[in-house]
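Trainee: Take a look at this one; I'll ask things after.
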Amino acid sequence: MTTTIIKNGTIVTHDLTYRADVRVDGGKITEIGANLSGGTELDATGCYVMPGGIDPHTHLEMPFMGTYSADDFESGTRAALAGGTTMVIDFALPSPGQGLLDALQMWSNKSTRAHCDYSYHMAITWWSQQVFDEMKEVTDRGITSFKHFLAYKGALMVNDDELFASFRRLRDLGGLAMVHAENGDVVAELSAKLLADGNSGPEGHAYSRPPQVEGEATNRAIMIADMAGVPLYVVHTSCEDSHEAIRRARQQGKRVYGEPLIQHLTLDESEYFNADWDHAARRVMSPPFRNKMHQDSLWAGLSAGSLSVVATDHCAFTTDQKRFGAGDFTKIPNGTGGLEDRMPMLWTYGVMTGRITMNEFVAVTSTNVAKIFGMYPRKGAISVGSDADIVVWDPAKSKTISAKHQQSAIDYNVFEGKAVTGLPRYTLTRGRVAVNDGAIIGAEGHGEFVPRAANGPVNTALSAWKDLTAPRPIQRSGIPASGV
Ligand SMILES: NC(=O)NCCC(=O)O
Ligand SMILES: [Zn+2]
Ligand SMILES: [Zn+2]
């Protein structure tokens, strides 16, 4: 069994900052204390020793809009490790009519190449007795979060009756409901009108998905989750309209989580007005980038705690793939990359500017993810017994982001030219050193599936409250005779 000692660093967790060494044996953290010795030493002088990042929102090798996203589990998890992320949660996406277990098998075949640990969310893209039945088996296998698309009409979108049925099923299974919140009917109408009026360029994509369509769908999903009595996680929260709905719900005691992306926090809508078609099309994603007011709202949500997690929605397409939409923005594959850049970008634009603390950085990139998705403290923690998914973070190390040096398979980077300070000196995945001072030492297939628990404390509390406050018939001494 290999023993590694991380020496002379400062441990930063979601709630503590302190000096200590960390011993790693057999992929687990086995001791935390002063002056540890007796193994291969990694020098963390001047560095922060933090739980490795967990990206809860990726689409690796995903069939979408007539093609496949270009990063698979090999290049995607290699990119993750390079940026200090040690686990991803990808989406198993049944095509309409396909069984959930069948889709799960397809994703399990793809993920055998992963360099770091992974899990899946299941997507509910259609509704039937088979889907209802298979949700139980999926949950029993440790896949306890289920995503629903309120957008992509005619493809992945589900209607409100299907959403309600699925949310009720999830309440009974102790799962977590997730939504992509955009009103797909309105987006479809706006897109058709824009195209008819000659708006065919990538900027048409942004015009077709204004913040209002996201705000409406977020409010609707929150209401339906509340009626069903299930916790709700809103993916890629991009604007104040959606954040406001989440903030209000949380203040009312509802169990709702919001997930901004690093792209929405740091890139704005002006990208779509670039005169270069490729530049604009490469940044087409749903929801689109917003203006500075919305960005400020997202940053405020992270420091106030009304938004819980920062993800990437990594769904990378090459320039050639983006060109499928030349002449019709609705055919540009939706999605951008970010796996390698999430942690350095958030550190640079969040911690270094004082928008969030180091501990909040750990919370939103790792610990909150582990807690919300039922795998804490195995993941998301620097504590004895936890998996040794660790990033030794050098706050003095800097680089300029460039596609030339990235791990991702695509030919550009939406953060191209951004100077970042704060990078991994070492990244450990279950004790294995995968990044050593900038050198990536990948091990294809090292990654393992991480099953997650259902019926967490939030489910239990919410169900108890819903049972206590459920409508009940009033007991009366008698019923009056009918008036007819
Ligand atoms: N976000 C995006 O544009 N592409 C990935 C699929 C999704 O999450 O909606
Ligand atoms: Zn989405
Ligand atoms: Zn997504």
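Backbone N, Cα and C atoms are what each Cβ position is placed from, and that goes for glycine too.
What TrEMBL shows for this protein is this:
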{"type": "DOMAIN", "residues": "48-418", "note": "domain 'Amidohydrolase-related'"}
{"type": "MOD_RES", "residues": "Lys147", "note": "N6-carboxylysine"}
Trainee: Would you report the average pLDDT that the model assigns to the domain 'Amidohydrolase-related' (48-418)?
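Mentor: Its mean pLDDT is 98.
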Trainee: Quick one: give me the count of other CB atoms within 10 A of the CB of the residue listed as 'N6-carboxylysine'.
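Mentor: If we count other Cβ atoms within 10 Å of the residue listed as 'N6-carboxylysine', we arrive at 21.
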Trainee: What does DSSP say about Lys147 (N6-carboxylysine): helix, strand or coil?
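Mentor: SS state of Lys147 (N6-carboxylysine) = strand.
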